[in-house]
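These notes are about the structure you will find just below.
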Amino acid sequence: MRIVLLGAPGAGKGTQAQFIMEKFGIPQISTGDMLRAAIKAGTPLGLKAKEVMDQGQLVSDDIIIGLVKERISQDDCAKGFLLDGFPRTIPQADAMKEAGVPVDYVLEFAVPDEEIVKRMSGRRVHPGSGRVYHLVYNPPKVEGKDDVTGEELVIRADDEESTVRKRLAVYHEQTAPLIDYYKQEAAAGHTRHYKVDGTQSVEQVSRELTDILS
Ligand SMILES: Nc1ncnc2c1ncn2[C@@H]1O[C@H](COP(=O)(O)OP(=O)(O)O)[C@@H](O)[C@H]1O
């Protein structure tokens, strides 16, 4: 099962990716988490990516396509994978298609911008695993700590309101056109596209996704 999660930053992709990964046993590939790991490790890629990401911009297609191709060639992806945050541009989607990697499901998360700004201000993440929480909507069991490891949760550098607004503008300009792209792919029988109301509770969204994927 090869799945693409499509939606604005903060729409709930990472939260549901965690759920789908556990429920269906397929690995989550989050390009954002991969880049943040590279930044933390101080690799040349990380140094390049940090500057771009802190400004709310997208890392170049070449770099991301290379990262994803390498990742999906690993053994644990043989039975399928869940792409979270990729593709983010039409050239990235084309690159997947040219590489002969089909997508079985495209799950679109619809959430209005103002709701996203609210969500991002409460987002807390566990850097080691990519697990996401929200102060109000999805709080950890112990304040400020990851449920599994008990380690500190952090605020992402790009979750500041002005950066979130910039990221939303970039989303509408560069990523939202993928909705029509995948609708056309679905009409041609190459994939299945589902639009999910992402303003529902975490549990409601999970239930809807389970119905779609089962
Ligand atoms: N259905 C939901 N209702 C309320 N808050 C949510 C919901 N889904 C996710 N969140 C919270 O919104 C923020 C953004 O979610 P996240 O999964 O990180 O989005 P994305 O991966 O799309 O950027 C997080 O703080 C998360 O806990």
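Yeah, the Cβs are placed from backbone N, Cα and C, and that goes for glycine too.
Annotated range for region 'NMP' in TrEMBL, selecting from 30-59, 60-89: 30-59. Listed by TrEMBL as binding ATP are Gly10, Ala11, Gly12, Lys13, Gly14, Thr15, Val132, Tyr133, Gln200; the candidate from Arg2, Arg123 that the record includes in that site is Arg123. Of the residues Arg131, Arg167, TrEMBL places Arg167 in the same AMP site as Thr31, Arg36, Gln57, Leu58, Val59, Gly85, Phe86, Pro87, Arg88, Gln92, Arg156.
According to its DSSP assignment, Gln57 (AMP binding site) is coil. Closeness to ligand 1 is met by Gly10, Arg123, these being the binding-site residues among Gly10, Phe86, Arg123 whose Cβ falls under 6 Å from the molecule.
Across Gly10, Ala11, Gly12, Lys13, Gly14, Thr15, Arg123, Val132, Tyr133, Gln200, which the record gives as binding ATP, the greatest C-alpha separation is 17 Å. Taking each of the binding-site residues Thr31, Gln57 in turn and counting other Cβ atoms within 10 Å of its Cβ gives the largest count for Thr31.
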